[in-house]
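These notes are about the structure you will find just below.
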């Protein structure tokens, strides 16, 4: 019999994290622990309000798993069966599955990459994301935080100030720029006007500018856009790749939305199989979640794993960053 435990932790941020749909000065993440009194595994959940996930919901769902036999599972396949019978939010599913995988790996003296049958990258270059702010503040923000060590830089934008925000970044760095709209636009033709105004700027690609529900608009946009379009909010735990490849050039897979290592790996494999560019992203997470994502980074085009770098206090110390490179702490 295993002992399972969950706890919440308030993570204060170094600055206001603002995207097109919300802003926050702190995040509440949850941490799942599983132990047999000798070996321990820990997994992280970062609830996402975009998908109606809350700490309260995750706590309720975890208790339901306990009531229905979580303590008695003896294998990954048994855990998967339980999670199919009693579905939970994807972020909690990842926390539970990753905690159990970490437990098994410690017990069997395996690395997580060995368990997943993947090469383990020692270092991973990460994208760094800038939150939405007044355009006149961007230059100082990049300088004070020494953000020129990262390449590419990602700029969170809203529809109103998108052009001046991107221009402000381009004025102070030679880094390629990724534009992340977080579904800020609703009209693809208005979006195309904006994209054409970017001519001459070092734009790498555009991430999820329209709502995920606008399937036909994305098909139109993919044909018309001067830049590649990557999916984020359009991809959760069961992506429809036939539809996605007609809408996007690349896929941003996040373990908190995939719901586990195994499904995240499947999504990355299918991304490649459908001729799309794979990317790994994150929520605001501790180094535990980032360390987990790094296990899947072999052969990835882009890694956007900066979520732990905006925390005032990072509790685990499992990853360090040097000159824009993420390094696994042993």
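Quick reminder: no glycine exception, Cβ is built from N, Cα and C everywhere.
Feature annotations, reproduced from TrEMBL:
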type: ACT_SITE; residues: 156; note: active site, proton acceptor
type: ACT_SITE; residues: 254; note: active site, proton acceptor
type: BINDING; residues: 180, 207, 232; note: Mg(2+) binding site
type: DOMAIN; residues: 135-228; note: domain 'Mandelate racemase/muconate lactonizing enzyme C-terminal'
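With respect to residue 156 (active site, proton acceptor), the closest of these recorded positions in Cα terms is 180, chosen from 180, 207, 232, 254.
Distance noted between the C-alpha atoms of residue 207 (Mg(2+) binding site) and residue 254 (active site, proton acceptor) is 14 Å. Between residue 254 (active site, proton acceptor) and residue 232 (Mg(2+) binding site), the C-alpha separation comes to 8 Å. Here the domain 'Mandelate racemase/muconate lactonizing enzyme C-terminal' (135-228) has, by DSSP, the following mix of helix, strand and coil residues: 42 helix, 13 strand, 39 coil. Neighbour counts were taken at the CB atom with a 10 A radius for the active-site residues 156, 254; the maximum falls on 254. Within the same chain, residues at least six positions away from residue 232 (Mg(2+) binding site) with a Cβ under 8 Å of its Cβ are 180, 182, 207, 208, 252, 254, 281.
In the predicted model, the domain 'Mandelate racemase/muconate lactonizing enzyme C-terminal' (135-228) has a mean pLDDT of 97. All protein chains considered, the CB of residue 180 (Mg(2+) binding site) has 26 other CB atoms within 10 Å. Every protein chain shown contributes to the tally, and the Cβ of residue 207 (Mg(2+) binding site) ends up with 27 other Cβ atoms within 10 Å.
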